[in-house]
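If you check Swiss-Prot, you get these features:
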{"type": "BINDING", "residues": "His4, Glu179, Met180, Glu181, Ser203, Asp204", "note": "purine D-ribonucleoside binding site"}
{"type": "BINDING", "residues": "Gly20, Arg24, Arg43, Arg87, Val88, Gly89, Thr90", "note": "phosphate binding site"}
{"type": "ACT_SITE", "residues": "Asp204", "note": "active site, proton donor"}
{"type": "SITE", "residues": "Arg217", "note": "site 'Important for catalytic activity'"}
Amino acid sequence: MSVHINAPEGAIAESVLLPGDPLRAKFIAENFLEDVVCYNEVRGMYGFTGTYKGKKISVQGTGMGIPSISIYANELIQSYGVKNLIRVGTCGGYSEKVKVRDLIIAMSASTDSNLNLVRFQGRTFAPTASFELLKPAYDIAVEKGFDPKVGSIYSSDVFYGDDDEDWKKWAKFGCLGVEMEAAALYTIAAKFGVNALALLTVSDHFVTGEVTSAEERQLTFTNMMEVALDTIAKIEN
């Protein structure tokens with residue numbers, strides 16, 4: 001048991017999917033896992049464990065933003081021994097290379113957060129995905145015909161910014177999209193020597209202005225879920 005996760009020892013698998021939305025965690029558990037047990041409801045942040053293709057897998061909601069995912073990633077790793085963490089979430093598209101509903105595999109994550117400037121005393125750390133997860137995830141996505149886009153993303157502390165043009169700079173430097181968690185997840189995974197990856201579905205687009213509904217974001221976008229689950233099943237064979 002940890003501060004924010006009310007699960008007994010052994011209740012959480014070594015491999016965990018991390019959707020930001022706890023209702024997406026519930027959707028994944030109900031639609032993809034078998035023999036499901038809900039191990040956490042603290043603060044409404046659902047956590048479930050079940051099996052997928054015979055493999056024990058957990059799904060834990062994290063909430064939005066770097067502080068929130070940092071809490072859950074730290075507790076999952078330190079209190080429950082989790083070894084593989086795959087974020088399954090949404091992002092805003094920055095690049096014309098991606099379209100709404102495309103799957104992005106985040107190779108690295110830039111950020112405007114000060115988390116690593118504080119941690120590394122003003123020096124820069126480059127948060128990157130674990131190749132041990134990235135390679136099988138890419139191969140699986142290609143096999144499924146999902147045409148994944150692999151590249152860097154931007155993890156922002158700000159959802160409602162003051163500069164409407166700021167995103168163009170990040171797009172110019174190759175960022176495919178923006179979300180709010182991956183830089184922290186990759187940093188924490190590196191700190192503890194475990195594996196992490198972010199699989200993101202483009203839910204809206206800064207270039208085209210296209211958006212998706214809250215219901216669609218919660219109940220669809222299943223490609224990234226399938227890739228994440230099959231990646232875990234593959235690495236645990």
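Each Cβ is built from the backbone N, Cα and C atoms, and glycine gets one as well.
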Is any of the recorded positions His4, Glu181, Ser203, Asp204, Arg217 within 10 Å of Gly20 (phosphate binding site) (Cα-Cα), and if so, which, in sequence order? Glu181
Smallest number of other CB atoms within 10 Å: among the recorded positions His4, Arg24, Arg43, Arg217, that is Arg43
Within 10 Å of Thr90 (phosphate binding site) (Cα basis), scanning recorded positions His4, Glu179, Asp204, Arg217, I find Glu179, Asp204, Arg217
Nearest by Cα to Arg24 (phosphate binding site), of the recorded positions His4, Glu179, Glu181, Ser203, Arg217, is Arg217
For His4 (purine D-ribonucleoside binding site) and Arg87 (phosphate binding site), determine the Cα separation and express it in whole Å. 18
Least Cβ-packed of the binding-site residues Glu179, Glu181, Asp204 (other Cβ atoms within 10 Å) is Asp204
Around the Cβ of Thr90 (phosphate binding site), other Cβ atoms found within 10 Å total 23
Glu181 (purine D-ribonucleoside binding site) versus Val88 (phosphate binding site) - Cα distance in angstrom: 11
Cα distance, Arg217 (site 'Important for catalytic activity') to Ser203 (purine D-ribonucleoside binding site), nearest Å? 7
